[in-house]
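Quick look at what TrEMBL annotates:
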type: ACT_SITE; residues: D328; note: active site, proton acceptor
type: BINDING; residues: K25, S26, R30, S178, S179, Q180, S208, D328, K355; note: 3-phosphoshikimate binding site
type: BINDING; residues: K25, G96, R128, Q180, R359, R401, K431; note: phosphoenolpyruvate binding site
type: BINDING; residues: G458, P459, T460, A461, S462, G463, K464, G465, T466; note: ATP binding site
type: DOMAIN; residues: 16-440; note: domain 'Enolpyruvate transferase'
type: DOMAIN; residues: 454-659; note: domain 'Cytidylate kinase'
Amino acid sequence: MFDTAFLDLPPLVSARGTVRLPGSKSISNRVLLLAGLAEGSTAVHDLLDSDDTRVMLAALEQLGCTLQRDGAVLHVTGLGGHLQARQAQLFLGNAGTAMRPLTAALAVLAATQGGAFELSGVPRMHERPIGDLVDALRALGCPVADLGQPGYPPLRVGDGAVHALHTARPIPVRGDVSSQFLTALLLALPLVSADGPVVIEVVGELISKPYIEITLNLLARFGITVQREGWQRFTIPQGSAYRSPGSIHVEGDASSASYFIALGAIAGTDAPVRIEGVGLDAIQGDIRFVEAAQAMGAQVSGGPGWLEVRRGAWPLKGITLDCNHIPDAAMTLAVMALYADGPTRLTNIASWRVKETDRIAAMATELRQLGATVTEGPDFIEVQPLHAWRAAHIHTYDDHRMAMCLSLAAFNPLAGGSVPVRIADPKCVAKTFPDYFEALFSLVEPLPGAVPVIAVDGPTASGKGTLAAELAERLGYHLLDSGALYRAAALAARAAGVALDDGAGVAQVAAAMALRFQGQQVWLDGRDISDELRLETTGALASQVSVHPAVRQALHDVQLSFARVPGLVADGRDMGTVVFPGAALKVFLTASADQRAERRYKQLISKGISANIDSLRADIRARDERDMNRSAAPLKPAEDAVLLDNSQLGIEESVQRCLGWWHERRPFGRLA
Ligand SMILES: Nc1ncnc2c1ncn2[C@@H]1O[C@H](COP(=O)(O)OP(=O)(O)OP(=O)(O)O)[C@@H](O)[C@H]1O
Ligand SMILES: Nc1ccn([C@H]2C[C@H](O)[C@@H](COP(=O)(O)O)O2)c(=O)n1
């Protein structure tokens, strides 16, 4: 997951390959609650690991369910309908799929068995309506207290006493704000069906019906067959009881599939994008996004558990679509609309306004940032195709779908643009798809030359490695420690018995090295050389082999291969002058030889390695001398490098200076 303040996507031009989707959020949290209420143990396979499922799991544990992990399988031992904890304070983040069903289930359990539970979330959760569900629970006879603004979480359900519930008469619930209220009642009311059938009557037009289909489907898997009369009346048979199916598999997330279906439709030009984990047999309503994408021109094939998508019509075709049946996935259509031949109008999407954010307003605002013309109304959005793209800093409103949808704007070179896209707070995708950006990057190709590179060059012990690693961390970029390649080449040559002054021999060894990097660890031909690599003596050997043009040539392409989406920070001696002459920012980092010797001394001592400051100073001077005066790619600032003498600067100050220069060079305008 990219835990950075923002993530810059370079302009992208094509996509191909396979993505395996994480489990569906809707299914995961329903399955968890059902398994938590059922008697016995349920083995849950392919459960989504995300913010929303984590809050549900934490709540189940607080309520007394036993959770045991066995590799990718989670075993949930349920309550069998009997409260173990009589009181708890449950924090449910921004997970509507946890807040609504747990409110209903705990309200009926607390009322019938005696208990009191408080349910709260993040501030946005406290702005998301739950009043219609609360009204239905109160009509049933459950005590529910507003702990904040009436009609919104936080809530307290139950008052510790036992209450008789009015299950003999139909329980009304509104269906036109969120289908989760009906889902919540359907999941909870089997708990109170012992004395007779329980009837739920939907008031108003039910929205998002496919989500109710998922609920009914999963209830059936847990032994409860709800009788349905149209979409207005649902009857839970008398004596319904949750029976664990023993084992259950969570389908891949069909809403998450929408980003990769769109990816194939936009950028799957010479090969398809293959999606695994969800297929045409999916029980999730958002699988019908496939039809919408086809209407816009996508070529889709599929089977059980898989889809393949490639570009069909181009530009895409503008459409007008009632999106009530695919409320979440429909957001993706709004970004596909930028690549269409005419306007796209998405209607019947009023529910967008009460999701993680007001998604109609947020989508309109951010598409306009890109330069698009957008019209919005209470329950629709209309987007015009975009030709004059602007580099935009996309705000994501703590809404995972905003981040994932808007990432598709990075394909603007396919529609006349060539601008990067900045996604603010990329970690918001953790709600449903923590590795979304990693998955996206594994499939895409950038516009040639568009991967941004920051080059950090300078003499030994100036702090290049420290600075480069910090910059890479904060920008979410890859990191190239080019010195490590020269160090490894020197070690490989020595191990092979090749003299360090034999340029051709060392080059041959360097070209054949099998190097593997993982965090701080480095393996050379299967041998862990991490510690040996960092020795001062190894640095001196590296300095010797690096004078040979043939060695530098042998390592050239390896270094270039580090420049991958989303970007690279490279440190060394010739990053800005030779390897990445087109780097967007070149920093030449220096500090006085005395300072550097002192830093190196402290560095070695802190690692428990004995050192002598005078000999370190002499070594540093010798290394500077050799690195600066060799004929091949000598150490010197590139003409367009920014000089940074950090003799009197701390690490953070150096990082901030470089980030400041970086922001000046990026086309996004303001910093926040
Ligand atoms: N601005 C700074 N102020 C104080 N100490 C620093 C600063 N920058 C780096 N250091 C410290 O100096 C030491 C050397 O830094 P680092 O290893 O990053 O240098 P380097 O230039 O990459 O060296 P080499 O080229 O030998 O790999 C580290 O212990 C690091 O924490
Ligand atoms: N781009 C580079 C990187 C390193 N070298 C040589 C010269 C250095 O003295 C030696 C070790 O580098 P370090 O790990 O200390 O950064 O490798 C080079 O010539 N070009």
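Cβ coordinates come from backbone N, Cα and C, glycine included.
When the recorded positions R30, S208, D328, T460 are checked against ligand 2, T460 have a Cβ within less than 6 Å of one of its atoms. When other Cβ atoms within 10 Å of the Cβ of T466 (ATP binding site) are tallied across all protein chains shown, the result is 19.
Reduced to three states, the DSSP call for R128 (phosphoenolpyruvate binding site) is coil. Per Cα geometry, S208 is the residue among the binding-site residues S208, T460, S462 nearest to R401 (phosphoenolpyruvate binding site). Other C-beta atoms found within 10 angstroms of the C-beta of G458 (ATP binding site) number 28, with every protein chain shown included. Only G96, D328, from the recorded positions G96, D328, T460, place their Cα within 10 Å of the Cα belonging to K355 (3-phosphoshikimate binding site). If you draw a 10 Å sphere around the CB of R359 (phosphoenolpyruvate binding site), it holds 25 other CB atoms from the protein chains shown. Annotation for the binding-site residues R30, R128, K355, R401, K464: lowest Cβ count within 10 Å of the residue's own Cβ, R128. With a cut-off of 6 Å between Cβ and the nearest atom of ligand 1, the binding-site residues K355, T460, S462 reduce to T460, S462.
Of all the binding-site residues in the list G96, S179, S208, the shortest Cα-Cα distance to T466 (ATP binding site) is found for G96.
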